[in-house]
């Protein structure tokens, strides 16, 4: 991407397309004020104070036609999100009016922004680093308040600060090692340098490994738990799904095989987003459509983070029940004995001891499912510690793992008695890898790819 294109004036609709109370068309760049003024009838936007909202009308400069009655926000560089002049035109919501204003601005000299380009400019102008830019999208995509809390902390710079501090410490260590090698003042300088490198490398490794330990929790809160609801036909899987969702999404009848495919929905369980997959009942069937659903159910079971196995407590165990118990035994599984409001006939002695008796009809013990999920995945600890920094982004996790591997190579080399100057290479590589997280050492291709995943207008 050319420098000219990076820093021309861009525009986009920043609110979702469709009907709504308010629509926002955003401008950013050197000519933002002049372009906005060319279609605005009201105060002179190039003379108003920064961070003010100004009433007026958007007009077509060629015909003089009024397009809409608007409020225009003016924010002057550098105290803006992009650190450029920014104008936001607040219109009445609607596809026609926002698109008409957008086309006017483009005709007056603005360029249509690419996905994520406003945030990309904030990054290029030093307003945010790469982790903070990614946090913007995480906030937009957050499915629960806990996921949003983690993203907001990242946007606030908690992860950036930790990474930058570690990189600085690594740089200080490399400088000290270099001085000791090039300007030895003591006879035992080699032993001193080796001891320093061992101490600091172990310190860095411990810090990054502690950060990695937050990844499981952070990733779950960011992306959710893929949860398969399995069981033979007509044991109450769809009723359980509807109960958790608190709305009727799945067909509930007394006819076996009414769920003929996989139904997916998200539900918030105490701050954890569960991607609930209601599977077709797993059984032998001659119905071709249902057979396809059964095969998809087996695949969903294999890929799930969590399995909710539903059994009918009012009937004796069947061969299908036993097959599902065996099939799911290596999974993170919660066994639910449904229909406990009826006479119990199931053989409890043939089941593991950790089952939960429930009644979807009466809501009995549904809350215990949430408690068991907390026990399985969070060791009964709180989901988010207020002052903790969490890894939740797969890119960050992968790079931290690579950084730890580089530090392990340094420690292994020290144990083998390798020369310190050779081990500097791996420590330098650790410093570079951590720089990829914040964007200080990230290739242009990666930056372009990351911002292309953003929505238009952000």
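In case you wondered, yes, glycine gets a Cβ from its N, Cα and C as well.
What Swiss-Prot says about this protein:
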type	residues	note
BINDING	26, 88, 127, 458	(6S)-5-formyl-5,6,7,8-tetrahydrofolate binding site
DOMAIN	224-378	domain 'TrmE-type G'
BINDING	234, 253, 255, 258	K(+) binding site
BINDING	234-239, 253-259, 278-281	GTP binding site
BINDING	238, 259	Mg(2+) binding site
Residue pair residue 26 ((6S)-5-formyl-5,6,7,8-tetrahydrofolate binding site), residue 237 (GTP binding site) - Cα distance, angstrom, rounded: 47
Listed binding-site residues (26, 127, 237, 458), ranked by Cβ neighbours within 10 Å, top entry: 237
DSSP-derived class (H/G/I helix, E/B strand, else coil) of residue 238 (Mg(2+) binding site): helix
Pairwise CA distance, residue 458 ((6S)-5-formyl-5,6,7,8-tetrahydrofolate binding site) versus residue 238 (Mg(2+) binding site), rounded so that it is a whole Å: 38
Residue pair residue 127 ((6S)-5-formyl-5,6,7,8-tetrahydrofolate binding site), residue 238 (Mg(2+) binding site) - Cα distance, angstrom, rounded: 48
Top Cα neighbour of residue 88 ((6S)-5-formyl-5,6,7,8-tetrahydrofolate binding site) in the set of binding-site residues 234, 237, 238: 238
Annotated (6S)-5-formyl-5,6,7,8-tetrahydrofolate contacts 26, 88, 127, 458, maximal Cα-Cα distance (Å, integer): 19
Which of 234, 238, all binding-site residues, has a Cβ with the fewest other Cβ atoms inside 10 Å: 234
Other CB atoms within 10 A, centred on residue 88 ((6S)-5-formyl-5,6,7,8-tetrahydrofolate binding site): 19
Averaged pLDDT, computed only over the residues in the domain 'TrmE-type G' (224-378): 75
